[in-house]
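Noted in Swiss-Prot for the protein shown:
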| type | residues | note |
| --- | --- | --- |
| BINDING | Y20, N60, D87, G129, L130, H131, G132, V133, G134, V135, K359 | ATP binding site |
| DOMAIN | 439-553 | domain 'Toprim' |
| BINDING | E445, D518 | Mg(2+) 1 binding site |
| SITE | K470 | site 'Interaction with DNA' |
| SITE | N473 | site 'Interaction with DNA' |
| BINDING | D518, D520 | Mg(2+) 2 binding site |
| SITE | H525 | site 'Interaction with DNA' |
| SITE | R641 | site 'Interaction with DNA' |
Amino acid sequence: MSDLFSFNKEKKTKIINNTYSAKDIEVLEGLEPVRKRPGMYIGGTDLNAMHHLVSEVLDNSMDEAVAGFASIITIKMHQDHSITISDNGRGIPIDNHPKFPNKSALEVILTTLHSGGKFSSNVYQTAGGLHGVGVSVVNALAEHLEIKVYKQGKLYKQSYAKGEKLTELICEEAPKRLKGTSINFIPDPEIFGDKIHFNPKKVYELARSKAYLYRGVTIEWECEIEASSDVPKKALINFPNGLKDYLSSKITPDDLITTEIFSGNVESEQDGIKLEWAICWQNNDSSAFIQSYCNTVPTPLGGTHEQGLKSALLRGLKAYGEMVGNKKTANLAIEDILETASVVLSIFIAEPTFQGQTKEKLVSQGVSKPAENIIKDHFDHFLSSNKTIANNLLEHFIAIAEFRLNKKNEKTISRKNATQKLRLPGKLADCTRTSPEGTELFIVEGDSAGGSAKQARNRETQAVLPLWGKVLNVASSTLEKIVNNQAIQDLEIALACGSMKNYKKENLRYEKIIIMTDADVDGAHIASLLMTFFFLRMPKLVEDGHLYLAKPPLYRLTQSNKTYYANDEEEKAKLTDKLSKSSKAKIEVGRFKGLGEMMPMQLKETTMHPEKRSLLKVTLEDFQNVDKIVDDLMGKKPEKRFQFIYEQALVKMDKIINELDI
């Protein structure tokens with residue numbers, strides 16, 4: 001027993017250093033800190049982090065455009081997986097820097113953290129840039145980077161590798177009409193690995209979003225890489241109506257409550273802000289979202305500009321309700337107004353202040369009130385000029401508010417005596433552990449499967465919720481249908497975390513939510529409906545990694561009193577072949593018609609025991625792409641569903657033909 005912890009002791013001794021002196025202090029110079037800890041600068045080394053590099057370079061070109069010095073930005077994706085981003089702006093300065101007389105300003109910008117023109121209000125009134133660290137981070141994390149600057153009939157160019165200078169600044173003659181900056185780079189596989197590359201669809205959508213945010217810029221797009229059908233080889237991207245064009249491309253007109261988008265574009269010299277917005281309301285909340293930006297940089301956590309917009313909408317609607325004598329508007333809250341709203345908001349200000357390194361939330365003071373006043377003035381006019389629209393909106397919001405207030409009056413759910421308080425038709429069998437850590441909720445269909453699962457579970461950590469009634473397709477249902485559906489009510493009450501904008505992850509009662517359906521086609525259909533529900537109603541739950549799919553077996557094979565399980569036809573064939581070769585004994589094959597047919601011990605051993613089961617984790621990597629697929633496959637329009645199935649069938653057929661040995 002005395003040796004039981006010897007390994008840990010030895011390990012601990014190695015870690016402790018009693019001679020802590022100056023030599024233990026590691027000093028990283030130049031761009032070394034970026035290469036050593038890339039996550040501190042771009043948030044990681046995954047695919048999303050890699051695309052931050054594109055954002056940084058593109059934001060620099062956008063700063064030139066917003067400042068009025070550039071009108072055209074070019075993005076070209078090359079076959080070698082490098083990317084070139086160019087603009088026709090002023091071009092990065094190439095004269096020697098006052099603090100570094102032996103270096104050009106270009107070299108200083110590329111090799112020094114926190115350098116660049118955007119820190120001076122004399123150069124840019126408004127500026128973006130992802131982390132304020134400049135193109136130097138891109139240079140540090142690029143396997144190769146080449147920069148070209150066109151100025152006054154000259155071409156200046158320089159090459160770098162992994163942040164280190166390869167060549168001196170070279171000057172050549174060039175046509176006088178050419179001006180601006182061009183950067184070509186490829187991410188370093190030492191940092192990001194050699195299996196991920198820039199995603200054309202992701203970069204194309206980024207380019208489109210930037211063009212929407214500043215209507216004065218045209219982006220020339222070219223892609224040499226094979227991409228999905230919705231990514232063109234070449235395109236000119238320009239949106240003269242800005243965010244209104246963007247919102248129009250995101251919504252389905254048939255679902256709108258209002259026939260008109262509430263939009264505006266105002267520049268206030270007095271307040272020092274430029275504000276643009278576009279808002280519409282739909283019949284259900286499945287497509288609701290808020291996207292906000294400051295100086296073309298996304299602010300997913302909102303901030304003071306969003307606060308101003310929300311106050312303007314709430315004040316405007318309450319004022320209109322009071323004007324028309326509708327007393328029920330007094331109960332309105334901002335969550336009622338935003339429940340089914342699709343909102344895009346963009347603000348340009350000088351010297352913005354953000355929370356955190358990644359600029360995800362705007363915290364600049366003096367922004368909220370001007371934004372509120374500007375938007376409210378326009379909203380008041382919008383409502384008073386469109387009485388029919390205004391009254392429809394008011395009725396819609398009041399209905400949502402009444403539903404919210406009714407739910408608020410329900411008793412708080414506790415684990416103790418949960419079945420009585422929840423009053424679930426399926427009789428939730430809850431676990432005894434009071435904290436969410438290590439707990440699991442198995443969602444099954446019907447009482448038969450629920451009975452087997454309840455007997456097979458670990459009562460301390462595993463809960464079982466059998467859903468009764470038809471699982472609703474929330475992608476094609478109205479908000480009224482969704483909130484009145486029994487299965488959805490049961491599920492939302494059991495999870496207790498709320499949905500859509502009312503989702504609170506700290507209230508989620510289980511660590512893992514596991515969809516456990518039959519292993520056949522019917523089970524897959526139910527699982528797809530439930531996944532659609534979670535994606536549209538609780539996307540944050542999916543993003544945070546709480547949603548899983550169980551993998552129950554479809555077949556049971558018995559040979560010589562030994563039992564084996566197979567998940568599908570292919571696995572059954574392989575297992576049969578293997579057993580036939582190892583023994584001549586007869587193989588008996590049985591097919592489970594459903595989970596309810598399985599004995600509790602079988603269900604436990606194959607599907608529910610944490611150490612013996614297989615789970616599929618449901619993840620969200622490309623939200624916009626998933627959103628489109630869900631809309632095509634699960635939405636209201638059958639022609640979209642037919643087109644999706646047809647395209648997938650063609651892909652499958654091509655694969656089969658390619659695999660045929662003819």
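Each residue, glycine too, has its Cβ placed from N, Cα and C.
Projection of Swiss-Prot feature records onto the structure.
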residue	record	Cβ within 10 Å
D87	ATP binding site	27
G134	ATP binding site	24
K359	ATP binding site	23
E445	Mg(2+) 1 binding site	27
N473	site 'Interaction with DNA'	18
D518	Mg(2+) 1 binding site	24
D520	Mg(2+) 2 binding site	15
H525	site 'Interaction with DNA'	14
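Mapped onto three states, the DSSP output places H525 (site 'Interaction with DNA') in helix. According to its DSSP assignment, D518 (Mg(2+) 1 binding site) is coil. Between the C-alpha atoms of N473 (site 'Interaction with DNA') and G134 (ATP binding site), the distance comes to 46 Å. H525 (site 'Interaction with DNA') and D518 (Mg(2+) 1 binding site) are 10 Å apart (CA-CA, integer value). When DSSP labels each residue, the domain 'Toprim' (439-553) comes out as 58 helix, 20 strand, 37 coil, counted as helix, strand and coil in that order. Of the candidate recorded positions, E445, D520, H525, the one lying closest to K359 (ATP binding site) when CA atoms are compared is H525. Cα to Cα, E445 (Mg(2+) 1 binding site) and H525 (site 'Interaction with DNA') are separated by 12 Å.
The two recorded residues, D520 (Mg(2+) 2 binding site) and G134 (ATP binding site), show a Cα separation of 53 Å. DSSP assigns G134 (ATP binding site) to coil in the three-state reduction, placing it in neither a helix nor a strand. Averaged across the domain 'Toprim' (439-553), pLDDT for the predicted model comes to 85. A straight line from the CA of H525 (site 'Interaction with DNA') to the CA of G134 (ATP binding site) spans 48 Å.
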